[in-house]
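Quick look at what Swiss-Prot annotates:
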- 442: active site, nucleophile (ACT_SITE)
- 362, 363, 364, 365, 366, 383, 406, 407, 408, 428, 463, 468: GTP binding site (BINDING)
- 1-16: compositional bias 'Polar residues' (COMPBIAS)
- 1-29: region 'Disordered' (REGION)
- 506-538: region 'Disordered' (REGION)
- 1-73: transit peptide (TRANSIT)
């Protein structure tokens, strides 16, 4: 067998009769079909019709199968290899500058996160920009505990005039500052959690001057303030920070408090959106960068702050460890739970990791259709099976199975919709783009921290995807080299694999992606022949 699910094994043994559904115990009335797609299947020459349904906030798959002519795994399929593939590290395929892959290296045109943290610590302003698909705007941000009347005047002069203070929920409750509207009633586009506005009672007059607003901000940031110290409503707008910060919500509210805490200051920050001096509209990135240069301010992106925190924060906890006898052999299974979203992941460990040096590693993204049902559209299930076989043969290694990566991060339903678009002529990249979804939104920080917890320090990474090298770098892990996972090409997955090579930089065999021949020309078969030849010479 070449699949990892006992459910799948049972169904295959029983012949997987037509109209058999793999579903939780529920009635059909509790489910809503979202999408369906014809799915060629890698085993027993069958085709299936997959329906994607949603019920009780969970996604389910209904499989209806029937026998079809043997056309899925072609007799003339170009073999990309089996266990005979060379298992020595290959480093030339993913050549890259270390600085380019450094998680602390800022996005081009932005300052580094450590620089911004230091400026926040010193009571300076920082410009924080969010994603272009979100607001694509910038906020002036500084630590609330460091605000001065002069700083407030600068913020009001260059901002909208709506000055907010982001705060943790505990402090808002201590000061008895309820939300302006309930979460259910909040119709603001990004669901920003405004509380009732306030002015400090002491040291203010109208409450609107720069001096008055600075005093109000300082009072909000003080751990000694009490509910009776404020008038309601007022001219400062507290915002409720979501626990987990930018790892939970990629907003300015969360970014500002994260920066204050990273600077070792009280968890409260001033923020105000920056306007274009020319026409009063919201300033977008080019104008924000001009403003930063003119005022000698650091400018950072929330995306960079997310990467910074992912590298340093503890993202997972070990739940349990148990031995498992798998079809490949005996493994120790480690369950981990994400501290960000509660998702559970699993690592299969063979042998003794020991000092963590030179470990054969596969970080595998969940693919229900490929890993469980043997879809011929992709090579995911075959890669997983080959990785497990290689580790079993080596006697020492780790497979980290990351859930929540379905469809390169777009989810099961969207993946099936993308399949329908591929049937209409798009490739795997174009289908995601037509749906308005990212081509690949996966993050590998969870996987990296699991490997660290298991004791892995240096590894031979089994992958054809350079993004995994990038995603695992910077977590105290060293990638000694790449081990290609060369699996069979079929008529069903040929275009998919060619698209990954041409548009996503995947590397098959030992050559850099720019030099690999096309799949249609049998180039990967030639690569495999070269690997086999090299193995024989060794």
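Cβ atoms are placed via backbone N, Cα and C, with glycine included.
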Looking at the binding-site residues 362, 408, which one has the fewest other Cβ atoms within 10 Å of its own Cβ?
408
Proximal but sequence-remote residues of the same chain as residue 364 (GTP binding site) (Cβ under 8 Å, at least 6 apart)
371, 380, 383, 384, 387, 399, 400, 401, 402
Near residue 463 (GTP binding site), how many other Cβ atoms are within 10 Å of its Cβ?
24
Around residue 442 (active site, nucleophile), how many other CB atoms lie within 10 A of its CB?
22
What whole-number Å value do you get for the CA-CA distance of residue 362 (GTP binding site) and the residue listed as 'active site, nucleophile'?
15
For residue 366 (GTP binding site), the number of other Cβ atoms found within 10 Å of its own Cβ:
22
For residue 364 (GTP binding site): DSSP state (helix, strand, coil)
strand
So if I measure Cβ to Cβ from residue 406 (GTP binding site) and keep only same-chain residues at least 6 apart in sequence, which ones fall under 8 Å?
365, 366, 367, 368, 412, 415
Taking just the CA atoms, what is the gap between residue 408 (GTP binding site) and residue 442 (active site, nucleophile) in Å?
6
Measure from the CA atom of residue 463 (GTP binding site) to the CA atom of residue 442 (active site, nucleophile) and give the result in Å, rounded to a whole number.
15
